[in-house]
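Look at Swiss-Prot and you will find 2-22, 54-74, 94-114, 126-146 tagged as transmembrane segment.
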């Protein structure tokens, strides 16, 4: 009995450790993307072509649902339109909304197809299809895209008010500098909320 509890505890600790490592890796990757946006944009474009080629080859050589493959291909066409403004994105823009809708539709389509008992596939093949045809590009965009600071939990009303009073080239530069990656904003927001709950604030003294 006691050994069974230790096994469950070890699984829980292993899961937490993996989640923390994954979060740290994603945060580091978002830092790299922010510093090298042009290179990141080029690699995302090549990765998108690679995934679209995989979808095309799956439609030729594998007996998969044509509708699900078509939804995945259309979804990646929608993702491709986001590259025109990379690494910035407007969360209320039609490009972003269409991309989110296409991701949801593609995910549901594949889920319904694999849920059908007549379409039995090994678990590894299902994960491979979801990884490349559904999850890969949206995950890359999630950790690399930047959003307007007004649409994130860490929004600063003062900075946005100050930016609105500046015109010309400096205004555009200030707007871009005030945008931070979505993932970094989420980490900062989570850190602030954790500090509020625990009552622990970082105290820095300058002499």
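Using the three backbone atoms N, Cα and C, a Cβ is placed for every residue, glycine included.
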Original post:
Is the count of Cβ pairs under 8 Å between the transmembrane segment (126-146) and the transmembrane segment (54-74), pairs 6 or more apart in sequence, 3 or more?
Top reply: yes
Original post:
Taking residues 6+ outside the transmembrane segment (94-114), which of them lie with a CB under 8 Å of any CB in it?
Top reply: 64-65, 67-68, 71-72, 74-75, 78-79, 81-82, 84-85, 121, 126, 129-130, 133-134, 138, 141
Original post:
Same chain, outside the transmembrane segment (54-74) by at least 6, Cβ under 8 Å from its Cβ: which residues?
Top reply: 102, 105-106, 109-110, 113, 119, 129, 132-134
